[in-house]
């Protein structure tokens, strides 16, 4: 026991140095070559900046909306609803989101609302929506901004990120990048 | 074909393709054969052994192995308690996060020492970077502990009759330096380039496009996320784990992290075969595990892609699947696949919230952890499976009326008793824990996030996850209470060390016995028939132990919504 204890303590010290000093510093050094020196990828707009991978809350009619968030896009405290599929209270919340969406987008038929627009994401920070979810908001934005719907269609197509190598995973749209492009239109 | 389905198939095939050469490499590492990384690691390890005062060539029997293993784990636990309870006032804490309470520190330290990573705190607000670094250290060494224990079993079946089973510190050190470290470094670098942060700076505050203020937590996440998967640990740097867009920024990182968590469990199966020079035996194990894995994963992929029928009834377009608790960039298919990969293997990282998956998907996640040996965690998966092999050998032996033998060794009463205790302890811990908590509403029901059948599933999931050393959760559960911290902490200790000691003891006992050469009457364990028997034993034990409680939880919930 005593023999093992001394060996164990010495080996722990050696490995603490390896795994909490040498390893992270090497990864950190490599990350200096990564986007924004490993401090999180940035997109800039006007005089300010946002994080490309962190969703932002969009509630105004003239912006594309992202997904509902259980933590209101608090990027210092990610979280989800964790509601079960059968939870009545939760289902009422989803119904409420559908009603609100229809109220704000009167031209949209209920059967066209994609499910990602009325369900909260896992992180509460989902930066993306599906392509259908962007297209369905065109009429509202066109009215709020008074621009040509064709331009909005082109904008969405230009901002659509295809599956990895066009083979793996879903297509998607980064809401923040799309809205920045929207602001730069005209 | 659907790109989401193709993504899953690619993940599985890429893992398998690389697992075979890696298995060969791992077998060489533990067999002390030459490898191409010797030029770096030979001098490095020599230095490390010297600094530790260890003679790497000293042979140990199984008991000496276990003493060394338990002692060093105790050291890590004590050090973890100290750091987690004082980190608030230590350096590397740019966000000013507080130290942990005693019960939370107990749960967290245990949880990371045992490779479980059940987290009753949230990464953004509950821990400093120094604390994260120590947990990252534990992610490396706990994985290496499991691997070192598995190698003892490997050794026991390589030599004909022996009590000398190699040196614990050597197996442990080589697992750290030659396997976990290089793989983690590569994965971490790739993650950093995909957008996972690796910085010592704290929270950033920005103004959103719409004009609100948003605070963004960052940190040295890339290094942490890499070993969390390579070591099948699963603890998230941020609160929402692999669903967080900084931990898992793209579909590519999702594939990479999926690959990373499955690669060593796959490779260890092949390493076993190379090491004892019975490659066919590896394929038998791999076949049984893969059938079990697919039987759980395919229904989940389908179920999650179909979506929630209650939402479909509201009349909207649910073609994207059950998106509550899921991320758009990953999609329902890859999420369903991950939900089983992470639970059959004891990773427990999540890229969606399991609490919001469909009832039967939740059941399969539970079953994956209840069985806990389809692939299984780094090192320990093969130990868990070994127990089922021993049971299958015994039952087959009884059926043909011969003394059961496994790889030329007689399996007798003593080994069977150990195997039975280990196999039954897992259901015992899960069911007794859940029943106790359910009987005390002020500790149990009061902490639930969902009513009814799903509420019972939340409690059941927590104990299943603790006993499987998995670490995922139905995260709606308010689990940072003294009851949850202490009860799951105790389950974690028992469910980690007994299933390590048991199989190692069996292997150690078998290794001492006389070797009986194979003859026509020998029960062959590398055949499809034996694979079927093993799978049947697994299914029967799981079904008998867990069907009643599953009927009260997820199965009952299923019938309320379909």
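Using the three backbone atoms N, Cα and C, a Cβ is placed for every residue, glycine included.
Taken from TrEMBL, the feature transmembrane segment covers B:6-26 (among others).
Annotation comment: TrEMBL describes B:68-90 (among others) as transmembrane segment.
Annotation source TrEMBL lists transmembrane segment at B:133-154 (among others).
Summarising the annotation, TrEMBL assigns transmembrane segment to B:175-193 (among others).
Remote same-chain residues near the transmembrane segment (B:258-276) are listed as 11, 14-16, 18-20, 22-28, 30-31, 143, 147, 150, 154, 157-158, 179, 183, 187, 226, 229-232, 234, 282-283, 285-286, 289, 334, 337-338, 341-342, 345, 347, 349, 375-379, 381-382, 407 (criterion: CB distance under 8 Å, separation of at least six residues from the stretch ends). The transmembrane segment feature in TrEMBL is assigned to B:258-276 (among others).
The feature transmembrane segment is assigned by TrEMBL to B:283-302 (among others). Counting residues 6+ beyond its ends, the transmembrane segment (B:283-302) has Cβ neighbours under 8 Å at 5, 8, 266, 269-270, 272-273, 333, 336-337, 339-341, 344, 357, 360-361, 364-365, 367-368, 371, 373-375, 382, 385, 389, 525-528, 530-531, 534-535, 538 in the same chain.
Per TrEMBL, the feature transmembrane segment maps to B:374-398 (among others).
What TrEMBL lists as transmembrane segment is B:418-440 (among others). Taking Cβ pairs closer than 8 Å, the transmembrane segment (B:418-440) reaches residues 370, 372, 387-388, 390-391, 394, 456, 459-460, 463-464, 466-468, 483, 487-488, 491, 494-495, 498-499, 502-503, 505-506, 541, 545-546, 549 in its own chain, all 6 or more past its ends.
Within its own chain, the transmembrane segment (B:482-511) has Cβ neighbours under 8 Å at 61-63, 65-66, 69-70, 73, 103-104, 106-107, 110-111, 113-116, 118, 120, 145-146, 149, 152-153, 155-157, 159, 161-163, 165, 380, 383-384, 386-387, 390, 406-407, 409, 411, 414-415, 418-419, 421-422, 425-426, 429, 433, 436-437, 440, 443-444, 447, 462-463, 466-469, counting only residues six or more beyond its boundaries. Feature annotation from TrEMBL assigns transmembrane segment to B:482-511 (among others).
For the transmembrane segment (B:532-556), same-chain residues at least 6 beyond its ends with a Cβ under 8 Å from one of its own Cβ atoms are 288, 291-292, 359-360, 362-363, 366-367, 370-371, 373, 388-389, 391-392, 395-396, 423-424, 427, 430-431, 434, 453-454, 456-457, 460. Residues or ranges marked as transmembrane segment by TrEMBL: B:532-556 (among others).
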- Tertiary contacts of the transmembrane segment (B:6-26), as residues 6+ beyond its ends and Cβ separation under 8 Å: 35, 179, 251, 255, 258-259, 262-264, 266-271, 273-274, 282, 301, 331, 333-334, 337
- Task: Go through the chain and flag residues at least 6 beyond the ends of the transmembrane segment (B:374-398) whose CB is under 8 A from any CB in it; none is fine as an answer.
- Result: 115, 143, 145-151, 153, 175, 231-232, 262, 264-266, 268-269, 272, 285, 289-290, 292-293, 296, 344-347, 368, 404-406, 411, 415-416, 419-420, 422-423, 469, 496, 499-500, 502-504, 506-507, 523, 525, 530, 533-534, 536-538, 541
